[in-house]
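Okay, structure first, notes after.
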Amino acid sequence: MAAPKVAVVGAGVIGLSTALCITETCPSCSVTILSDQFSPNTTSDVAAGMLIPHTYPGTPIHVQKQWFKETFAYLFAISNSAEASEAGIHLVSGWQVFKNAPKEELPFWSDVVLGFRLMSEAELRKFPQHRFGQAFMTLKCDCPPYLLWLEKRLKATGAQMYTRKVADLWELHSKYNVVVNCAGIGAQQLVGDKELFPVRGQVLKVHAPWVKNFIRDGDGLTYIYPGIHRVTLGGTREKESWSLFPNPGTTKDIFDRCCSLEPSLRGAQDIKVKVGLRPSRRCVRLQREVLSQGGLKLPVVHNYGHGAGGFSMHRGTAKEAARLVGECIAALQGSLSRAKL
């Protein structure tokens, strides 16, 4: 068959990294990214981009760990390259603190991040309201730089990008051999996924260059993540809320919570408020499906539903999605050769 044509729907961190993995594993493919929004207007642009995994109750832990390991190794290599600054990727050390010791003192990812250890009594004195803590070094992706870097890499492979709202995957049947659904929260309408729901996140991006270490409350709600140019302060987890408008009361609450962990933030300047909708479900939907309509078939690969863990898992799930695309193409080529016989 001629060069297989693959359409990737969605241009957040999942869509772009999946498209890039497809170009790497199937160089003969022609890849097109279709999305109604590109950076800086995607949900991924709001995310803090910290590699600290969130657990998916519906996905086996060994699978989640593999996705995280692959993502960490990929970004660690970039952080050690001349492209680190352009890609917005850097190492950051810090603490995860708990008011009470968690059930698991060692999270499943503790041996993937660097230098994971329990905090000393002396360190814990910095956080008088907390009794237990973990110290480690991890990676952070700054957005939009990372998304723009992915776009640049894609363009270098010849991939095409078009601003287009896809309302139905069948629209793409006549032009593409395989469709990859990385539509994030948009998949709720696009494929009618009732298991997918938004978790609204409101964050502040502030100028506080003296803050060098990340601090994360173990409940995952309050966090301080220093980036290359700005510090992300969070946050909220509001299930089933679709509002993209910042809430001033929430802004004050986030700021106060973060200042209780790091009082020096009272001097932060130039506070910008961002809101995004995390595409959440019990497990990431990562699977092949063949849609049928009137005797026609459309091979689809789904890769969405990463919730708050998109950056921590993006490269691992993108590699798996690219492998599934390869299976779809092999099946198409097999059916073509059988037809010729």
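In case you wondered, yes, glycine gets a Cβ from its N, Cα and C as well.
Feature annotation from TrEMBL assigns signal peptide to 1-19.
Taken from TrEMBL, the feature domain 'FAD dependent oxidoreductase' applies to 5-324.
What TrEMBL records for THR43, SER44, VAL166 is FAD binding site.
Sequence annotations record features per position, and here TrEMBL assigns D-dopa binding site to TYR223, ARG278. With a 10 A radius on its CB, TYR223 (D-dopa binding site) counts 24 other CB atoms from all the protein chains.
Around the Cβ of THR43 (FAD binding site), 25 further Cβ atoms fall within 10 Å across all displayed protein chains.
ARG278 (D-dopa binding site) counts 24 other C-beta atoms within 10 Å of its own C-beta, drawing on all protein chains shown. Separating the Cα atoms of SER44 (FAD binding site) and TYR223 (D-dopa binding site) is a whole-number distance of 17 Å. In sequence order, VAL9, LEU34, ASP36, LEU172, ALA183, LEU190 make up the list of same-chain residues 6 or more apart from VAL166 (FAD binding site) whose Cβ falls under 8 Å from its Cβ. In the structure as shown, the Cβ atom of SER44 (FAD binding site) sits within 10 Å of 30 other Cβ atoms. Residue annotation for FAD gives THR43, SER44, VAL166. The furthest Cα pair among them is separated by 19 Å.
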